[in-house]
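S.K.: Got these off TrEMBL a minute ago, pasting:
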| type | residues | note |
| --- | --- | --- |
| DOMAIN | B:22-443 | domain 'DUF112' |
| TRANSMEM | B:27-50 | transmembrane segment |
| TRANSMEM | B:62-84 | transmembrane segment |
| TRANSMEM | B:108-133 | transmembrane segment |
| TRANSMEM | B:140-160 | transmembrane segment |
| TRANSMEM | B:206-226 | transmembrane segment |
| TRANSMEM | B:360-381 | transmembrane segment |
| TRANSMEM | B:393-412 | transmembrane segment |
| TRANSMEM | B:418-436 | transmembrane segment |
| TRANSMEM | B:443-463 | transmembrane segment |
| TRANSMEM | B:475-494 | transmembrane segment |
Amino acid sequence: MTSNKTSRSDRRQFLKYAVTAGGAGLAGCLDSVGRGDNDDTGDSNGTYPEQNIEVIVPWSQGGGTDRATRATTPTWSDILDANFVVQNYPGGSTQVGGERLYDADPDGYTIAMWNMPQMQATWIFQDAPYDMDDFDYLGTHHLDPTMWFAPPESPYEDMAEFIEYAREEGEVTVGTTAAIGNTALSALLIEDTYDDIEFNLVNLEGGTPTRQATLSGDVDASVNQPWAFNPDHIGEVIGLGTHTPEPQDLWPAPSFAELGLDEIPLVEEGFGQWKLIVAPGGLEDEYPERYNALVNSYAEIFEQDDFVSRAEEQGGLDQILDYNDPEATVQEVEAYSEFMQEYEPLFDRF
Amino acid sequence: MILASLLSIRSGAALLADPLVLAAIALGVGVGIVFGAIPGFSATMTIILLTPVTVPFNPAPALIFLVSAYGGAVYAGSIPSILINTPGAPGSVVTCWDGYELTKKGKAVYTLAVSAIVSSLAGICAAVVLLFLAPRIAEFALEFGPSQMFLFAVFALTIIPAAKGASLEKALLGGCFGLLVATVGNDPQLSQPRGTFGFTILRSGVDFIVVLIGLFVIAEMFQLAYRGVVVQDDTEIEGSFSQIKDAFRAVASRPVAFIRGMLIGTFVGSLPGAGADVANFVSYNEARRWADEELADKFGTGIIEGVIAGDSSNNATQGGALVPTLTLGIPGSGSTAALLGAISIHGLQPGPGLFDRSAALVYALILSLVIGNLLILVYGLPGAKYFGKLAYIPPKYIIPAVVVLSVIGGFAVRNSLFDLWFVLLFGVLGVVFVKYEYPLVSPVLGVILGGIAESGFVTGWLLNQGDPVEFFFGSYISIVLLALILLSVVITIVRR
């Protein structure tokens with residue numbers, strides 16, 4: 001363990017103490033800074049887990065990743081008999097949280113709920129100091145498929161009609177939730193597939209502004225995911241279609257394959273936003289028993305009724321839950337990395 | 001629609017039934033009064049310093065505690081104004097003028113009672129206005145697209161000099177400095193780092209709470225250290241129950257004065273950037289302007305009308321200031337800027353849509369203002385003269401305690417030691433700003449508005465396909481906002 005990492009751990013402890021102590025016990029919390037409270041980390045003889053497990057969420061509180069995480073940790077706590085502390089490190093399109101995870105010790109006490117393809121974007125398109133091989137992947141959580149929406153009363157009902165409309169108009173305005181990610185890639189792939197259509201692509205910077213722009217008709221269409229869009233709004237906007245081979249259950253809309261749009265890349269594979277649990281690389285090698293404890297307990301969560309009903313309360317998250325074991329998760333991460341790399345030149349358009 | 005909001009009000013009221021939440025209100029008002037009664041402790045500082053303490057709690061009790069402390073602190077700022085001629089906060093400056101004169105005439109208990117009564121009533125009235133107005137404004141706020149958000153951000157920056165009577169150049173320069181600070185971090189459109197100097201933590205930018213702590217707390221502590229002793233003499237306060245009865249009679253016989261102050265406070269509070277510090281001056285001036293000649297001459301000599309004017313306006317700002325904070329995510333004052341930070345720390349996203357997403361909590365927050373302001377009466381009537389003693393705490397105890405709390409607050413924002421350097425940097429800058437009369441709220445608003453303005457401009461521009469006419473004049477909201485921007489600039493220039 002490097003001294004750099006010790007001090008980082010100290011800081012976490014410092015906040016925890018400082019906050020718990022509040023204004024009253026200032027002297028006490030300063031003491032704890034001096035002492036350092038991580039004497040017990042790295043001791044492989046102890047029973048795991050014997051301290052809090054930090055879950056990094058690289059997004060703000062209240063966002064989709066945060067809500068999914070907070071719906072999960074109570075059940076995980078019960079199964080693993082551990083206390084999970086969710087910490088939000090938003091910023092840098094998940095890179096701030098990503099670097100936090102990369103810098104953490106692979107001791108089973110720091111994990112993250114990350115999402116892809118944003119995760120890949122940080123090392124492919126940004127200057128993140130890590131890449132795919134620097135992490136251990138514990139399992140997927142859910143897959144929210146990429147889906148196209150249109151304002152109410154638009155003159156098109158599905159994606160095929162929208163593409164036809166774009167052809168006639170010459171240029172149409174399409175909003176995406178981010179500059180680099182599944183929504184933007186879906187739009188770029190479609191524009192690239194059909195030579196005679198042109199999109200005025202606007203990054204609306206998040207799910208809420210995208211929903212608002214769609215409801216108010218500021219865009220001709222927008223790209224988001226059904227759960228992220230919030231299924232409470234079914235009926236208020238038009239669901240043009242999902243970038244998948246099969247339709248999904250969360251939002252009544254045809255899939256691209258059903259509409260005969262299979263010339264668009266990635267329709268066969270099904271394309272959306274994954275949430276997955278990631279740990280600092282080396283956990284499996286250095287602490288195999290901790291790794292297994294985490295992997296097995298995580299898999300068990302999806303069998304628990306209390307988790308499923310909590311997910312249901314989160315706007316029907318239960319319908320898109322999609323657990324994959326570590327091996328299948330790695331394959332999915334690889335597949336997403338490959339096509340993000342393959343289609344990288346498309347993003348120059350932004 | 002009305003039914004829906006009634007249902008939301010009911011679910012908000014249900015949240016208040018939780019004993020923990022009720023305890024949060026009772027404790028919040030009490031702590032707020034204690035902090036507010038110490039000269040130099042503004043409501044802004046009170047919220048900043050208490051926010052980290054609330055982190056372990058659920059959003060409902062935590063935010064209600066902070067809102068209650070906010071109300072308590074605004075009220076209590078008047079206690080040292082009346083007793084020792086030293087305002088507890090900038091929102092209570094005018095209370096000194098007549099309040100202290102009344103104390104010299106031996107009417108301290110009477111004056112303190114009037115202050116508690118009007119503060120409490122004005123707070124409640126403004127909360128009721130907020131309760132019925134905010135949902136309408138929130139609904140309207142959903143009409144704000146990117147270009148309107150951009151224009152509103154510009155309006156918020158230009159209105160500060162008009163509202164505060166500060167120099168236009170200095171206010172705009174301060175605001176632009178804030179905007180510049182806000183450019184640090186990944187740019188919102190393309191996620192490429194800007195001005196991060198290779199520090200990962202700066203990819204998420206400079207957090208405005210850190211700026212707020214530096215400018216509003218650390219800078220104030222520097223000044224307190226420079227000024228030295230807060231107050232020296234200790235006068236005995238005498239009073240009786242009959243003075244409190246007289247106080248009720250005094251307020252009841254001046255309903256116009258009270259309502260005028262309350263309305264001014266609610267309105268000024270709802271303007272972005274202007275809070276209690278502006279409202280109490282405006283209200284005092286208006287009270288004098290409305291008075292007949294004989295009465296107008298007596299302002300400042302110790303008449304109760306002066307106290308009513310000041311204290312009915314400053315507590316009413318709270319309800320008003322929460323309107324743009326909750327509906328647009330743009331704070332109405334320094335205090336609500338601090339509250340905005342607390343709201344996002346607790347996982348809520350202020351701005352258009354908050355009333356949809358978190359209706360119960362928002363209504364609980366508003367309803368808690370009613371209870372909190374009632375408690376001001378409960379604490380204030382019997383206790384005000386004792387809270388007054390807090391003014392004698394020597395700076396040698398205040399400064400280290402506050403600085404330690406600020407460090408915890410600065411650290412808690414995102415668990416980063418790096419941010420503490422910013423707290424120090426902005427603390428020193430704050431001293432410079434105060435010395436050269438730059439309004440402190442301008443740079444803070446600049447930092448908060450930077451992201452809103454940039455995203456609004458870029459996405460608005462793209463959505464309108466780069467057409468400036470469509471961007472600036474595309475909707476009636478844009479045109480009204482442009483007119484308001486022009487008006488605030490013209491007012492500032494003409495006023496010279």
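Placed from the backbone N, Cα and C atoms, the Cβ positions cover glycine too.
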S.K.: Counting only residues 6 or more past its boundaries, what in the same chain has a CB within less than 8 Å of a CB in the transmembrane segment (B:108-133)?
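M.R.: Beyond its ends, the transmembrane segment (B:108-133) has Cβ neighbours at 9, 71, 74-75, 78-79, 82-83, 95, 99, 102, 237-240, 243-244, 246-248, 250-251, 258-259, 261-262, 265-266, 269, 304, 307-308, 311-320, 322-323, 363, 366-367, 369-370, 372-374, 376-377, 380-381, 384-385, 388.
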S.K.: Using a Cβ-Cβ cut-off of under 8 Å, list the residues of the same chain that are 6+ residues beyond the ends of the transmembrane segment (B:418-436) and lie near it.
M.R.: 170, 174, 199, 201-202, 206-207, 210-211, 213-223, 406-407, 410-411, 443
S.K.: With pairs restricted to those 6 or more apart in sequence, evaluate whether the transmembrane segment (B:443-463) and the transmembrane segment (B:140-160) have 3+ C-beta pairs under 8 Å.
M.R.: yes
S.K.: Determine which recorded stretch among B:27-50, B:62-84, B:140-160 has the most C-beta pairs below 8 angstroms with the transmembrane segment (B:206-226).
M.R.: B:27-50
S.K.: Six or more residues out from either end of the transmembrane segment (B:393-412), which same-chain residues have a Cβ under 8 Å from its Cβ atoms?
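M.R.: The answer is 38, 40, 45, 48-49, 51-52, 55, 209-210, 213-214, 217-218, 221, 224-225, 227-230, 345, 419-420, 422-423.
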